[in-house]
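Visitor: Take a look at this one; I'll ask things after.
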Amino acid sequence: MNISVSMNKFDSKIKFVQLVFVDINGMPKGMEIPASRLEEAVTDGISFDGSSVPGFQGIEDSDLVFKADPDTYVEVPWDNVARVYGFIYKDNKPYGADPRGILKRALEELEKEGYKAYIGPEPEFYLFKKNGTWELEIPDVGGYFDILTLDKARDIRREIAEYMPSFGLIPEVLHHEVGKAQHEIDFRYDEALKTADNIVSFKYITKAVAEMHGLYATFMPKPLFGFPGNGMHLHISLWKDGENVFMGEEGLSEIALHFIGGILKHAKALTAVTNPTVNSYKRLVPSYEAPVYISWGYRNRSALIRVPAFWGKGARIEYRCPDPSANPYFAFAAVLKAGLDGIKHKIDPFAYVEENVYEMSEEKRKELGIETLPGSLGEALEELEKDKVVKEALGDAYKNFINYKWKEWESYLEYLEEKHMPKDTKKVTEWELERYFFL
């Protein structure tokens with residue numbers, strides 16, 4: 001968007017603009033400026049202190065600059081404010097640990113190979129009543145695809161969907177999920193950077209609308225023990241010269257198969273990025289439709305990578321382990337880098353399955369070469385430290401990310417020891433609720 005055009009878009013009611021970026025956890029951060037300073041924010045940028053932003057700079061060298069991306073300008077329909085995403089700079093150069101900048105660089109690498117990535121997410125969330133405690137209360141007892149009286153939140157879902165186009169999101173399917181008070185609103189796929197922005201916007205819209213109704217919306221992977229977890233399946237395709245290169249004559253193309261091979265090869269390390277919280281691994285357990293075993297198959301929802309039954313230009317893969325606690329910019333960069341590694345090195349996919357992996361014997365899984373995803377954040381971080389490709393995907397953010405996450409894991413272990421709880425507990429602790437409920 002031309003800067004002058006963006007300035008002309010102002011509604012007379014818009015007095016302030018929110019400059020939005022995310023921290024290492026994917027949590028939105030930012031500041032507001034008078035609307036009259038938007039052009040300055042685009043051309044020169046607005047300086048800020050990065051030392052208090054998780055995963056950014058130390059206090060001894062904390063000066064950063066936010067430059068607005070005018071193509072992301074939107075006006076919030078329930079408030080007299082606009083929002084804009086952007087990129088972060090340090091010393092007049094792109095800041096190496098900026099999550100949005102990291103994804104941009106990963107996409108530039110993909111484009112050098114001639115590819116453009118499109119991603120469609122399926123973020124799930126729970127709605128809870130506000131009661132001032134961590135005794136979470138559910139406002140409805142609906143189940144999967146319920147549309148009658150059990151689904152008390154259908155009007156809230158509709159309201160969220162009605163606001164989405166104002167932020168550039170196109171809602172496609174709204175429905176109650178498997179868990180009581182659990183919901184999903186799918187929106188149309190887009191280019192990877194736009195989709196990452198859209199995930200941040202979708203969380204913002206959902207939480208704001210829930211707040212209007214006196215409820216909390218949480219994207220925490222596993223807010224309730226014994227209930228289904230919140231996932232964020234990613235539907236991914238690569239395009240070249242306007243054509244979907246995942247499309248083969250009979251099923252997927254060789255490029256798509258190698259892309260799958262790359263993700264399977266790096267799957268263990270990827271979980272540290274796509275499932276980056278202690279709580280993530282309480283969702284990744286058998287029997288809740290969350291993938292645990294590193295495998296792939298056509299139409300098979302027990303596999304880590306599923307190929308949906310759509311061909312032609314709709315050819316794509318579905319990566320099923322990510323959850324909404326992931327920083328979408330990091331997650332997309334890492335997954336695409338892993339897939340590109342598969343294409344470059346012609347990595348054939350392994351562990352193909354047609355049957356339910358959960359019901360297989362351990363011997364059968366071993367025979368098919370099916371391995372298991374890490375069972376905890378600590379295990380995932382160990383795998384990340386050994387994986388050059390995924391580490392490189394995080395760029396200059398890797399050091400901050402790995403240090404931050406190890407401290408997170410150690411803090412959790414200290415909590416368990418203090419509470420005399422086993423290290424492998426699958427119960428959801430108050431430590432997790434306090435840390436992840438508002439992600």
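Glycine too: its Cβ is placed from the backbone N, Cα and C atoms.
Dumping what Swiss-Prot says about this protein:
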- E122, H233, E318: Mg(2+) 1 binding site (BINDING)
- E124, E177, E184: Mg(2+) 2 binding site (BINDING)
- E172, H235, I236, S237, R301, R306, K313: ATP binding site (BINDING)
- G229, R283, E289, R301, R320: L-glutamate binding site (BINDING)
- 12-93: domain 'GS beta-grasp' (DOMAIN)
- 99-439: domain 'GS catalytic' (DOMAIN)
Visitor: Cα within 10 Å of E289 (L-glutamate binding site): which of the binding-site residues E124, R301, K313, E318 qualify?
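Guide: Qualifying among E124, R301, K313, E318: R301.
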Visitor: What's the CA to CA span in angstrom from I236 (ATP binding site) over to G229 (L-glutamate binding site)?
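Guide: Taking the Cα atoms only, I236 (ATP binding site) lies 22 Å from G229 (L-glutamate binding site).
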Visitor: Run through the Cβ atoms and count how many others sit within 10 Å of the one on S237 (ATP binding site).
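Guide: Neighbour count, Cβ to Cβ under the 10 Å cut-off: 22.
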Visitor: If you count, for each of the binding-site residues E124, E172, E184, E318, the other Cβ atoms lying within 10 Å of its Cβ, which residue has the minimum?
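Guide: Across E124, E172, E184, E318, these binding-site residues, the one with fewest Cβ atoms within 10 Å is E172.
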Visitor: Other than E124, E177, E184, which residues of the same chain sit close to Mg(2+) 2? List them in sequence order, counting a residue when its Cβ is within 8 Å of the Cβ centroid of the site.
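Guide: What remains near the Cβ centre is E122, P123, F125, H175, H176, V178, G179, Q182, H183, N230, G231.
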Visitor: What does the structure give for the C-alpha distance between R283 (L-glutamate binding site) and E318 (Mg(2+) 1 binding site)? Integer Å is fine.
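Guide: The Cα atom of R283 (L-glutamate binding site) is 18 Å away from the Cα atom of E318 (Mg(2+) 1 binding site).
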Visitor: Going by C-alpha distance, which of the binding-site residues E172, E184, G229, H235, R301 is nearest to E318 (Mg(2+) 1 binding site)?
Guide: H235
Visitor: Hey, how far is E184 (Mg(2+) 2 binding site) from R320 (L-glutamate binding site), Cα to Cα, in Å?
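Guide: Taking the Cα atoms only, E184 (Mg(2+) 2 binding site) lies 15 Å from R320 (L-glutamate binding site).
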Visitor: Taking Cα atoms as reference points, rank the binding-site residues E172, R301, R306 by distance from G229 (L-glutamate binding site) and give the first.
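Guide: Sorting the binding-site residues by distance from G229 (L-glutamate binding site), the top entry is R301.
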Visitor: Can you tell me how many other Cβ atoms are located within 10 Å of the Cβ belonging to R306 (ATP binding site)?
Guide: 22
Visitor: Between K313 (ATP binding site) and H233 (Mg(2+) 1 binding site), how far is it from one CA atom to the other, in Å?
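Guide: Roughly 19 Å, rounded to the nearest whole number.
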Visitor: Where does R283 (L-glutamate binding site) sit by DSSP, helix, strand or coil?
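Guide: Looking at the DSSP assignment, R283 (L-glutamate binding site) belongs to neither helix nor strand, so coil.
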Visitor: Using DSSP, what's the helix, strand and coil tally for the domain 'GS beta-grasp' (12-93)?
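Guide: For the domain 'GS beta-grasp' (12-93), the helix, strand and coil counts are 15 helix, 38 strand, 29 coil.
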Visitor: Give me the CA-CA distance between H233 (Mg(2+) 1 binding site) and R320 (L-glutamate binding site), in Å, as a whole number.
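Guide: Rounded to a whole number, the Cα-Cα distance is 5 Å.
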